Amino acid sequence: MSSHAPPDDGFRAFVEQQWAPLVRLAYLLTGDRGYAEDLVQAALEKTHRKWVRVSRMEAPVAYVRRAMVNTATSWRRRRRVSEVPLLATDGPVADPYGSIEHRQQVVAALRTLPTRMRAVLVLRYFGDLSEAEIAETLGCSVGTVKSQASRGLDRLREHLDPAVPPAAGRSAAGSPSVGPPTAVSSTASAEKRTRA
């Protein structure tokens, strides 16, 4: 073992256990499978260099998620080029969890959001993290998480259904509705089913 490489001490097992959920999260952050895998790899490289310290944390995966969000933000600043289509198919493909077109619309809508806002929504509705866990992961307050989630959901509603007026997030009585737009919640449910 070289002196500049930290010992393994469970890192391989950690990667094997967390790889798939991290790639799913990264895909929702980037909208591209290749970038998603690159993002996870970059975050895991950073984690490996500090594994002795990170492995002692209560939730090492939170460290990796934060590294992913920070790296995605950095990459997004550097990459101002057009992005490739999400999926290309030769013909119709059966999708037991909803239409591929619908999922593409949701991912495309997510990609229009600023990185932090997108990270909040992805971690909350696709990663099933609590507001406190998201705040810890992103290094911000719970109030910031709440406001970013609210604003992000409003922007997704506008993007996914432009015919819906801005007050669509309110019930008939005028009180705010709770939860993500239908498009996000149905896609989140589909993503959860694919994990099982």
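Cβ atoms here come from the backbone N, Cα and C positions, even for glycine.
What TrEMBL records for 166-183 is compositional bias 'Low complexity'.
Residue counts of the domain 'RNA polymerase sigma-70 region 2' (22-80) by helix, strand and coil are 49 helix, 0 strand, 10 coil (DSSP-based). Annotated domain 'RNA polymerase sigma-70 region 2' per TrEMBL: 22-80, in sequence order.
Taken from TrEMBL, the feature domain 'RNA polymerase sigma factor 70 region 4 type 2' covers 104-156. Mean per-residue pLDDT, taken over the domain 'RNA polymerase sigma factor 70 region 4 type 2' (104-156), amounts to 90.
What TrEMBL lists as region 'Disordered' is 158-196.
Sorting the domain 'RNA polymerase sigma factor 70 region 4 type 2' (104-156) by DSSP state (H, G, I as helix; E, B as strand; all else coil) yields 43 helix, 0 strand, 10 coil.
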